[in-house]
Amino acid sequence: MSVIKMTDLDLAGKRVLVRADLNVPVKDGKVTSDARIVATLPTIKLALEKGAKLMITSHLGRPTEGEYNEEFSLLPVVNYLKDKLSCPVRLAKDYLDGVEVAAGELVVLENCRFNKGEKKNTEELAKKYAALCDVFVMDAFGTAHRAEGSTYGVAQFAPVACAGPLLAGELDALGKAMLKPERPMVAIVGGSKVSTKLTVLESLSKIADQLVVGGGIANTFIAAAGHNVGKSLCEHDLIDTAKKLAAETNIPVTTDVVVGKEFSESTPATIKSVSEVTDDDMIFDIGPDSAKALADIIMNAKTILWNGPVGVFEFDQFAKGTEIIAKAIAESPAFSIAGGGDTLAAIDKFGIADKVSYISTGGGAFLEFVEGKVLPAVAILEERAKA
């Protein structure tokens, strides 16, 4: 992917507008989870070091477009940044007709979703964003699959449009895993439904040497192999699709499972052979033999893409399968990339964040890239780089 990178540009004295992903949870005016801001800090610091007159914007929550709503203000983010940065930081509410910024200063432009035309990407709004800056930096991979005013429109009209370090890193990592994977490549796809991951499974079946399915998705494949899945989450209408994928791709069939009688934190767990599942069983995890077989596959891989847990890891009695997979990824010398909300929660639970080569910050954007879809905000940067 050929895009201009912020790291390669001279930003001294230039008005720089960064579209970041600062969509963080806020309670009582305080940021309660700072992961996305922490991920953006290196971009902010680098731009300031380069002498930029720096502006940054983001969406936060889902306000009614075109209306100011204090509940969705970026003020808590501004207060957080004041504690983390040594430069002046202030919030600008009305900025579309221009904003004064000094070199070495950071001005946070209020929630871009307060601006009418943001979601529809109106040309009028896009041109107003573009007029604010000499250089536009797209650094919000999590919103790269949306063609909105602050992600796409501004990049059409800004004098220079480039990728920030976070976005560039994400594209490099995804490219390494998806476009030129070192082989063998193993893709692990978990989650509850085949239907929501069907295009992901079809796309990966063409790229991966081994496709591993887990979670509710695996139940549909177990049923497709002719086994009883009891009361488990299973999409019986997609059994033929699962059979077709299993025939075309190397998908290891689960040999043992962990079952319970109901979906609850206190339900006892029982390990069973996949052929012993009864009508009142619910499959909540892969069994130890299957987990070990998958761990061996992972240990022999050169590239690993992980999206989705293989069991109900939130309940400890059904977490072992996901834990074994997570630890195998952590111990594997392969290049590994992980993405998706549940996957990140599993990585946190099992404490392997520093052992995964790259953790993707984008949920929907990550999946759309894996599906082989064009991300509009990346496509416009490529177009501008050619020009």
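Using N, Cα and C of the backbone, Cβ positions are placed for all residues, glycine too.
The structure displayed is predicted, hence computed values, not measured ones.
The substrate binding site annotation in Swiss-Prot covers D21, L22, N23, R36, H59, L60, G61, R62, R113, R146 and is backed by sequence analysis. In the three-state DSSP assignment, the secondary structure recorded for R113 (substrate binding site) is helix.
The Cβ of G341 (ATP binding site) has G363 as same-chain neighbours under 8 Å, each 6 or more residues away in sequence. Under the heading ATP binding site, Swiss-Prot lists K197, E314, G340, G341, D342, T343.
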Checklist entry - Of the binding-site residues listed here (K197, E314, G340, T343), which is spatially closest to R113 (substrate binding site) when Cα positions are compared? => result G340
Next on the checklist: Cβ neighbours within 10 Å, counted over all protein chains: which one of the binding-site residues G61, G340 has the most?
Outcome noted: G340
Checklist entry - Over all shown protein chains, what is the count of other CB atoms within 10 A of the CB belonging to R113 (substrate binding site)? => result 25
Checklist outcome for this item: Among the binding-site residues listed as N23, H59, G61, the Cα nearest the Cα of T343 (ATP binding site) belongs to N23
